[in-house]
Number of protein chains: 4
Amino acid sequence: MSIEHMEQMETLLPEWLETSRLRTGQGEVASYIPELAKAARDTLGVFVADSQGKTIAAGDYGIPFTMQSISKVFTLILALMDHGEEAVFYNVGKEPTGDDFNSMIKLELVEPGIPFNPLINAGAITVSSLIAGDSPEDKSQRILQFFRKLAGNDGLDYNMDVYHSELETGDLNRSLAYFLKQNGVLKDPVEDVLSVYFKHCSIEVNCADLSRMALVLAFDGVDPCNGEKLIPRRYVQIAKTFMVTCGMYNASGEFAIDVGIPAKSGVSGGILALVPGQYGIGVVGPSLNSKGNSTAGVHLLERLSKEFSWSLF
Amino acid sequence: MSIEHMEQMETLLPEWLETSRLRTGQGEVASYIPELAKAARDTLGVFVADSQGKTIAAGDYGIPFTMQSISKVFTLILALMDHGEEAVFYNVGKEPTGDDFNSMIKLELVEPGIPFNPLINAGAITVSSLIAGDSPEDKSQRILQFFRKLAGNDGLDYNMDVYHSELETGDLNRSLAYFLKQNGVLKDPVEDVLSVYFKHCSIEVNCADLSRMALVLAFDGVDPCNGEKLIPRRYVQIAKTFMVTCGMYNASGEFAIDVGIPAKSGVSGGILALVPGQYGIGVVGPSLNSKGNSTAGVHLLERLSKEFSWSLF
Amino acid sequence: MSIEHMEQMETLLPEWLETSRLRTGQGEVASYIPELAKAARDTLGVFVADSQGKTIAAGDYGIPFTMQSISKVFTLILALMDHGEEAVFYNVGKEPTGDDFNSMIKLELVEPGIPFNPLINAGAITVSSLIAGDSPEDKSQRILQFFRKLAGNDGLDYNMDVYHSELETGDLNRSLAYFLKQNGVLKDPVEDVLSVYFKHCSIEVNCADLSRMALVLAFDGVDPCNGEKLIPRRYVQIAKTFMVTCGMYNASGEFAIDVGIPAKSGVSGGILALVPGQYGIGVVGPSLNSKGNSTAGVHLLERLSKEFSWSLF
Amino acid sequence: MSIEHMEQMETLLPEWLETSRLRTGQGEVASYIPELAKAARDTLGVFVADSQGKTIAAGDYGIPFTMQSISKVFTLILALMDHGEEAVFYNVGKEPTGDDFNSMIKLELVEPGIPFNPLINAGAITVSSLIAGDSPEDKSQRILQFFRKLAGNDGLDYNMDVYHSELETGDLNRSLAYFLKQNGVLKDPVEDVLSVYFKHCSIEVNCADLSRMALVLAFDGVDPCNGEKLIPRRYVQIAKTFMVTCGMYNASGEFAIDVGIPAKSGVSGGILALVPGQYGIGVVGPSLNSKGNSTAGVHLLERLSKEFSWSLF
């Protein structure tokens, strides 16, 4: 059935993408990191890969963009591989927040003052501090190598302009980080942790890279192209669960109902999504809706999910 | 494989249940509704049904208890069947809150002042007001008939002592309801809505009833015992998604990671859970953890999910 | 000096009032109680009384309006006279909130769940429940008699249209009251308490009545016109302190800095203010600023305070 | 009458102080800045000065302590003298918050995201950034000179141990400052602003110094000992008003009702208080109540206020 779907997708995806592209006018490109504001608002691209090495692409699938929050999924996995579940979840919770991804309210109000989950900023900053390594540079290097392996792309690298733009304008993340430091959640110096965090957010990819990383999750941690076991199954399970409950900011509940597949978005307009046992998907569409998700990207994924009954539920 | 699992379960469930029963000492029976406080703290029962009519039970599976919040799943479904998605989700959102199930904070702070989802109290009260019917009695009658059909049990009925206990002590729900009235979310008189709400919370079931209701969800709305189509597939999908993202109060994220199946708990200690395409499950264990879920019941479901790899993720 | 000021005021007040009246265009008449929405937006009146029986009036000082939140000052005093400080402040705090007057957030978040002060709605509802009396009617009767005595006006009475309008639309106050009931702060039935509360908010006065009531506070509880001791000095002190810290909703801090005299406003546009040992003042101007205070009334009081150096500070 | 009071005070103050000292057992010495934790819990001292140069002291009035939050009153005054009312209150509000002095909630929730008042930490950090000066050192120097003049003590200086202790452990203030930076409230680099802020908090005084600084406020900005005009009257008025509405953290409302004089406390246990036109008062008692105020110091001031009818209200 998957092959049949691939054929149908190949034929119809370009048309569906153009329909979804009309939605780009309803959102706005993120402006809070100056470098991100340079993206073209009407961009939309998608790339789908299956386990047989078959791929389908449409629209602006080749343009580069930074991973931003999408990277949080994989730093979580790396932290789990470095320290195990117990250590990671001593410092970060497992619950959706219902608040904005950069909110400080629950850190102040809800004991014990740890981030509610690893996909909000406070949680992802905490996870960054848990990556093994002797120095921030070492941690960043380990992250990059891990991401390169998952994407099957040794050329993956930082966009240093975006990194510096984030460093310079990231005062809200700094505020979050010092709050976490005060609460005893962060052990390392704040600027060290933030350099790791901002760097992995600045890793530049295209839709093909995302689809390949997603494919590894879709096949429980094994790269289906070469059979290499890259991630323990349990950590993939944890990651996929968080993608469903918290992956699309505070529109995650709606996305679960309307699309129903594990996905993670970033403010660059990227979305990594997957159909377990079938596909890895990369989407880019920098025009964001009010919740911070690619407005056209979500529209396209909903169409795909409904046409091919992808929902897990 | 399912048959094999059923055999294993039949053999091992009594032992696993007794292991989980040891956890009852770590929780407390709900005391805020006086009638509920009468439950025995060390009670634990489970009932599993599959589509072939095979059932397995262990522990105190036969004791009666009221559905409480478990009923919210099915009133949501009935409201969807009465009015469709658009009308229901105009009045209630789709997002987890991260707050207590009876919190008022987001109603005050987050525009447009509608409940975040149908499984917190504010949302379920709103859903109660959307049930079709000429009068509160009529609405309640429709709910009861629907629940009887789902449970395949014409004897299902209200526990009027619990109902009156809730009516008398339900001032926090009254407060929520008047807030919703103020925000224009409720159209009917508050006491009318609350009588419908408290009544469906007071429907008395046992584990077998829950397992049968769950089985209908596990088979996409069709009663596998007689092939009758009771709920449109899409509404089952919506219900199962909410069960995963919001079903276990603000421990839903943790439950999704540790157990990973659609479930809904109630403060009476009941849990309705399901394995899609396989099982309907009813659990009761009135000793609750700090999040309001059956402490032993969650423990038992986690054991089962891990032993049989039930997680959707 | 006071006499000299009175003469200056007599000459200049009409002109100052017309200058302030220009500010009415910057605000809006309260609309949430339908009866209040009927007030004319450009209304502005003021009435000043001193201890010698001398009075000065300007503008629309004769129009009737309901006391609304202004009444809270005097029900607090009556509750203190009925039960003493300890009993009253067991149920209601002494702190400004920084939140809207009808906010529920601190009731939910801050232990022990009592209202922060007696001048926000939750606090005033609590105070209403503390008025001595065998029945709601009896309590309301005692309040009315007390207000009549303070105003030296036996004709003071309820505006029953406003009362019924509040009863019908007061769902947010109902929500607050049930929350207080749940927290154990209210002992009596909610509707009984609310009838007392809505009734004292609906007592109809004019600027002359307010100035006379204020004069009693300006002279430490003694009616300077007849020497009658109406309120113990300590309770006047408490009332004046609350008027300074919480009297002008969450613009109280600003008013204390810019005007600096004890005052209490209501959503009908009334303001009761006083200069200790000198004047009682009544103002009406239904056009409200975003904080719920009479926009022109505050402007006029600021002018008067600055011209005559009235600030306590 | 003042002279008579001075005589009474001289006789009775030592006894009253010892009575209040018994309260030190009910509080705790602040521990969050390690240097502060070294203070002796049962310390209590008081120093009263009048305009004739008469002084009365009792208890441990001579021990040195750092000003901490007490300094906020005078940096506010200096910022007002440097830039005027409009510029200062463009960046900081005038309202009590009802929240803890280091809370971030209202910064996140309430537009326009400026601190509610200059006496909470966020507000005082903002005020520090408004002090005129070419560099942080220059600003700090101007503050120190101003404080020395107000205290009539050229020997006033920083306690550099406390300063470094605060610098090292001040992550919550750093978090606040970066949040303010993000909101555009702070223009200078955060660490520059914090060095100014932590430094003025670390100025070391004793009760006599505080009483002399308070005396200047009690006489509307004029040093009564030498007739020198140190502060414009309007800025003293603003300072005194804030001391009444926000001076004692979120126990300011209670203090206004029970004591009723302008006062400002610090976590070192110091309290600066004044009786307008009469006295300047310095108190120290490091054992703090749950709101962060000197438990015995507040008790002693309440006694004094009641005995001599000091309340402004």
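Backbone N, Cα and C atoms are what each Cβ position is placed from, and that goes for glycine too.
The feature substrate binding site is assigned by TrEMBL to D:S69, D:N121, D:E166, D:N173, D:Y197, D:Y249, D:V267.
Structure with TrEMBL features highlighted.
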residue : record                 : contacts (Cβ under 8 Å, 6+ apart)
D:S69   : substrate binding site : D:F101, D:L119, D:A124, D:C201, D:Y249, D:K264, D:S265, D:G266, D:V267
D:N121  : substrate binding site : D:F101, D:N102, D:L172, D:N173, D:L176
D:E166  : substrate binding site : D:I33, D:E35, D:N173, D:F198, D:C201, D:S202
D:Y197  : substrate binding site : D:A124, D:I125, D:S128, D:N173
Between any two of D:S69, D:N121, D:E166, D:N173, D:Y197, D:Y249, D:V267, the residues recorded as binding substrate, what is the biggest Cα to Cα distance in Å?
19
Local Cβ density at D:N173 (substrate binding site) - other Cβ atoms counted within 10 Å:
24
Note down the number of other Cβ atoms within 10 Å of the Cβ of D:Y249 (substrate binding site), including every protein chain shown.
26
Using a 10 Å cut-off, grab the number of neighbouring Cβ atoms around the Cβ of D:V267 (substrate binding site), all chains included.
23
For D:V267 (substrate binding site), the three-state DSSP class is coil
